[in-house]
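Here the structure is laid out as structure tokens; the discussion comes afterwards.
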Number of protein chains: 2
Amino acid sequence: MTIATGQGAPASIGIVEKRFHRFADPPDTMVLESGTRLGPITVAFETWGRLSEGRDNAILVAHAFSGDAHAAGRYPGESGDDKPGWWDFLIGPGKGIDTDRYFVICANILGSCMGTTGPSSLNPATGRPYGLDFPMVTIGDMVETQKRLLDHLGIDRLLTVVGGSVGGMQVLEWCRRYPRVVRSAIPIATTMRHSALAIAFNEIARQAIMADPNWQGGNYYDTGRRPDLGLAVARMVGHVTYLSDEAMRRKFGRRLQDKNDFSFGFNADFQVESYLRHQGSKFVRRFDANSLLYITRAADYFDMTQRPDPIDSARPGIKYLVISYSSDWLYPTYQARELVRRLKRAGQDVSFCEIEADCGHDAFLIPDERLSNLIGGFLHGIAAA
Amino acid sequence: MTIATGQGAPASIGIVEKRFHRFADPPDTMVLESGTRLGPITVAFETWGRLSEGRDNAILVAHAFSGDAHAAGRYPGESGDDKPGWWDFLIGPGKGIDTDRYFVICANILGSCMGTTGPSSLNPATGRPYGLDFPMVTIGDMVETQKRLLDHLGIDRLLTVVGGSVGGMQVLEWCRRYPRVVRSAIPIATTMRHSALAIAFNEIARQAIMADPNWQGGNYYDTGRRPDLGLAVARMVGHVTYLSDEAMRRKFGRRLQDKNDFSFGFNADFQVESYLRHQGSKFVRRFDANSLLYITRAADYFDMTQRPDPIDSARPGIKYLVISYSSDWLYPTYQARELVRRLKRAGQDVSFCEIEADCGHDAFLIPDERLSNLIGGFLHGIAAA
């Protein structure tokens with residue numbers, strides 16, 4: 001768990017390493033929420049900082065839908081020009097999640113394609129990628145694999161669990177499943193359950209993939225043809241929901257791309273078209289279409305208001321910091337307020353903050369001192385308690 | 001222009017007939033805004049009511065993106081169960097647009113596939129459907145074809161021009177091009193120009209179609225294969241933008257479709273999924289994919305703030321009634337207010353009303369007495385002036 005530091009930019013954690021933990025080997029496969037069994041399972045993860053002797057300074061970071069375990073630092077051989085981890089502004093020495101004080105873990109979620117077992121992994125029963133034979137996984141199943149990883153690392157208490165979007169769902173699920181493990185929780189830009197609007201956008205993304213003949217019922221891995229066009233459209237849909245009307249107006253407006261007048265054709269005339277096409281084609285190089293299907297489905301199924309363990313009936317004892325963004329229209333502030341109301345009704349200790357930002361849902365991924373300070377201050381309080 | 005009435009429901013205009021006007025036969029083809037020439041052009045249209053002897057009671061209704069000329073009444077042979085025209089609640093004897101008083105015309109827009117010339121029409125140069133050889137058309141070109149139709153009908157003055165969404169763009173374009181023809185204008189749920197967000201959604205819809213291999217570069221008409229899957233995804237995208245978060249919550253919430261629990265698969269579990277799939281597959285039966293490309297492009301290009309005739313510099317003299325809907329997030333009220341501000345700055349006579357409704361952009365297509373009364377009252381005032 002020792003990490004080489006000091007080789008990156010001054011304020012970065014430096015060079016990090018992706019590691020793997022394998023468990024649930026047959027016959028001890030894991031029982032999923034659907035009742036199906038899955039195994040073996042590999043979880044890709046990274047850690048930063050040092051676990052204290054009292055093992056009481058561990059923080060679990062949960063990533064969003066298309067994220068990965070690489071939340072901070074750089075990989076060996078990467079130059080300063082390479083992008084560091086996706087939350088590098090927040091995780092590092094002296095940062096909001098201070099790696100001089102805390103031991104921080106992030107694991108790639110079950111069903112993904114960034115090192116953890118998912119539909120593109122080999123199915124041991126066939127020796128070929130699972131495709132749609134991969135069982136449906138839930139946010140609960142993702143949390144379960146993270147729990148197995150913590151057990152393996154010898155961590156039985158979390159100072160906090162923190163994450164945005166689908167990561168925030170995992171945060172809430174941790175509180176529901178393991179209220180005795182979690183001391184505090186920071187759900188960011190998230191919701192107790194998807195609205196019909198959020199389900200609709202996910203369904204459109206799924207339909208775009210499944211409409212691509214190269215998808216081939218999910219069994220495309222060995223065919224040399226991948227549903228790239230469908231996946232690109234799916235990503236464009238997602239991308240628009242991560243932005244906001246204001247952000248797009250500011251970022252693109254009606255500006256044209258490298259031209260002074262309309263082409264009177266179907267090329268990308270507007271910058272926003274060019275940007276979306278670029279986002280779509282960039283995404284297909286790093287993400288698996290089936291993983292998108294599985295993870296969006298898990299997000300749609302997620303519902304903290306559901307029996308037998310609705311969030312209202314949770315045992316008090318966890319300190320919450322709920323954060324929303326004013327221009328997030330995927331998980332608007334009214335949904336965060338509903339979460340706060342329910343937690344308070346259950347007697348929980350809840351702080352709530354809506355951050356004014358015009359960049360939409362993706363705001364939690366954009367460097368922002370307010371987020372760093374909020375989280376840093378909250379963690380100080382928890383650690384000192 | 002006489003219309004049989006009294007055969008439908010009591011308050012309906014009754015049986016109507018689709019008619020056609022053909023013009024711009026070579027060599028007298030029409031010059032489009034892009035500079036390209038197009039001809040011959042057929043315009044499908046319907047009329048209701050009677051033109052007065054003074055020819056001073058004509059109202060032009062402009063339809064939205066996927067609409068058609070059939071705004072009111074029923075076609076012969078249709079039963080009472082068949083859906084009447086798309087604005088039947090507003091157009092008819094004694095209704096908001098009162099066919100006992102006014103002569104009402106609606107024409108299918110250029111580039112569409114509902115009787116007016118568009119990409120699915122025969123290209124006289126090849127004897128085969130145009131496909132992408134159809135020239136790009138603009139909102140201005142649509143207005144120009146409507147003007148030719150009015151000339152043909154002997155109408156040189158419009159009591160009002162009224163329409164919602166892309167229809168509202170045509171209304172504004174009429175005021176810019178023909179301020180001496182238009183006495184009043186009712187732009188509803190529309191905008192002076194598309195925001196980056198609106199362009200983004202249109203671009204996603206276009207990409208969904210063009211990603212479908214059955215699209216075949218737009219030349220699918222003779223092949224027996226049509227880009228139905230891509231078009232369905234495009235429609236789903238559009239459909240979500242026509243609704244609102246509130247409307248979808250009320251209409252669907254998280255209710256499941258014909259089941260009590262999740263299927264843990266990719267079938268339509270939620271009602272909203274089932275609804276979107278239905279909308280998608282229904283749409284492909286009635287609409288042409290290339291027409292979607294052309295009309296969305298025309299809407300994206302539309303810009304009333306552009307030189308040489310920005311709306312601010314318009315000559316006063318037209319009375320405007322601008323209507324927006326509180327939950328319309330495709331063309332939000334702030335955009336209607338910007339239009340109103342600019343019109344007032346140009347010295348125009350403008351009334352503005354935001355209708356409180358939680359059903360999103362599509363609200364203008366939903367029977368609502370407030371809309372009928374607003375328009376009815378406004379027209380009384382204009383006709384009496």
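In case you wondered, yes, glycine gets a Cβ from its N, Cα and C as well.
According to TrEMBL:
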ACT_SITE  A:SER165  active site, nucleophile
ACT_SITE  A:ASP328  active site
ACT_SITE  A:HIS361  active site
BINDING   A:ARG235, A:ASP362  substrate binding site
DOMAIN    A:86-365  domain 'AB hydrolase-1'
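Known features from TrEMBL, placed on the structure.
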residue	record	Cβ contacts under 8 Å, 6 or more apart
A:SER165	active site, nucleophile	A:ALA64, A:PHE65, A:ILE188, A:ALA189, A:THR190, A:LEU330, A:TYR331, A:HIS361, A:PHE364
A:ARG235	substrate binding site	A:ALA205, A:GLN279, A:GLY280, A:PHE283, A:VAL284, A:PHE287
A:ASP328	active site	A:ALA189, A:SER244, A:GLY360, A:HIS361, A:ALA363
A:ASP362	substrate binding site	A:TYR242, A:LEU243
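If you draw a 10 Å sphere around the CB of A:HIS361 (active site), it holds 25 other CB atoms from the protein chains shown.
Residues belonging to the domain 'AB hydrolase-1' (A:86-365) score a mean pLDDT of 96 in the model.
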